[in-house]
Ligand code: SF4
């Protein structure tokens, strides 16, 4: 899909054409210009030649409740997007914001792929459209979007915000801001900027360790931005937005899951407006997942400390839906 040339084609057209096109692409999920029946035929032909709408993708893995797609970009680089289908017609798309990721978290398959480039706003939206077109055939819709795929959204800030505005546009995709979530590994400058956007998009912090020492070991970003700095930025975010924060915490055997760390986490998060999402880890060469008993014990300590705990995005064994784990199973090559 490449719609960059649309504005040029529309130069001599009446203003309402822009709205008709937005509605057709983002509201009716057309995959071919011949479906845009509100447009005159000559314009449809012109658009078909200059702005192809087809999305090159392969569905790599599909299980009962999840589908993972490998999307091939114009420059042949590859990204992954995941559709997670929940009960009650909730269909969440997990999108990537970069090709690879520069943050290099040790437990993350995407981090090991290295970093190629930022995605454009259109390339981010394309991932959502891929699944929206599929769901349309099943009389379903995308109801939620999470920026938890490949990449750190806060270092591709402008394109991520532009994508959010396209998806939020009432004339197009029309998805409420509260149905979108951004997950960051902790970029204070980005968090502060985000707090001032006036958007009601949810914010998640990939916390994964309750102290700076452990966090520096598994998340190199902590060497640049200490946990204290990140928590300060989050405090500012909560003061300005009064919105809850989701603290993502990955359960890695004997690394992040000890009772001592659970107590430390209680201390760190006491009094915060937010909750903890405990994420099951999938086995990699370096780390193993926590046992069920250990997760239960960890959870209990948090709950005894009056911390709200949820367990989300733990889908079928063959699909990994948490930040950066998308590429874990397919041994994805991004170029
Ligand atoms: S966990 Fe997220 S921020 Fe860290 S390397 Fe993976 S994709 Fe990047």
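In case you wondered, yes, glycine gets a Cβ from its N, Cα and C as well.
Automated prediction, rather than curation, is the source of TrEMBL annotations.
Of all Cβ atoms in the shown protein chains, 24 besides its own fall within 10 Å of the Cβ of residue 80 (active site, proton acceptor). According to TrEMBL, the feature active site, proton acceptor maps to 80.
For 87-318, the entry in TrEMBL reads domain 'Radical SAM core'.
Secondary structure at residue 108 ([4Fe-4S] cluster binding site), taken from DSSP and collapsed to helix, strand or coil, is coil. Feature annotation from TrEMBL assigns [4Fe-4S] cluster binding site to 101, 105, 108.
According to its DSSP assignment, residue 183 (S-adenosyl-L-methionine binding site) is in a strand. Marked as S-adenosyl-L-methionine binding site by TrEMBL: 151, 152, 183, 206, 207, 208, 282.
TrEMBL lists 323 with the feature active site, S-methylcysteine intermediate.
For the binding-site residues given as 101, 105, 108, the lowest number of other CB atoms within 10 Å of the residue's CB is seen at 105. Proximity of residue 151 (S-adenosyl-L-methionine binding site) to non-local residues of its own chain (separation of 6 or more, Cβ distance below 8 Å) is seen for 96, 97, 98, 99, 100, 101, 110, 118, 119, given in sequence order. Neighbour density around each Cβ, counted as other Cβ atoms within 10 Å, peaks among the binding-site residues 183, 282 at 183. Between the CA atoms of residue 80 (active site, proton acceptor) and residue 183 (S-adenosyl-L-methionine binding site) there is a gap of 16 Å. Residue 208 (S-adenosyl-L-methionine binding site) and residue 105 ([4Fe-4S] cluster binding site) have their C-alpha atoms 10 Å apart, to the nearest angstrom.
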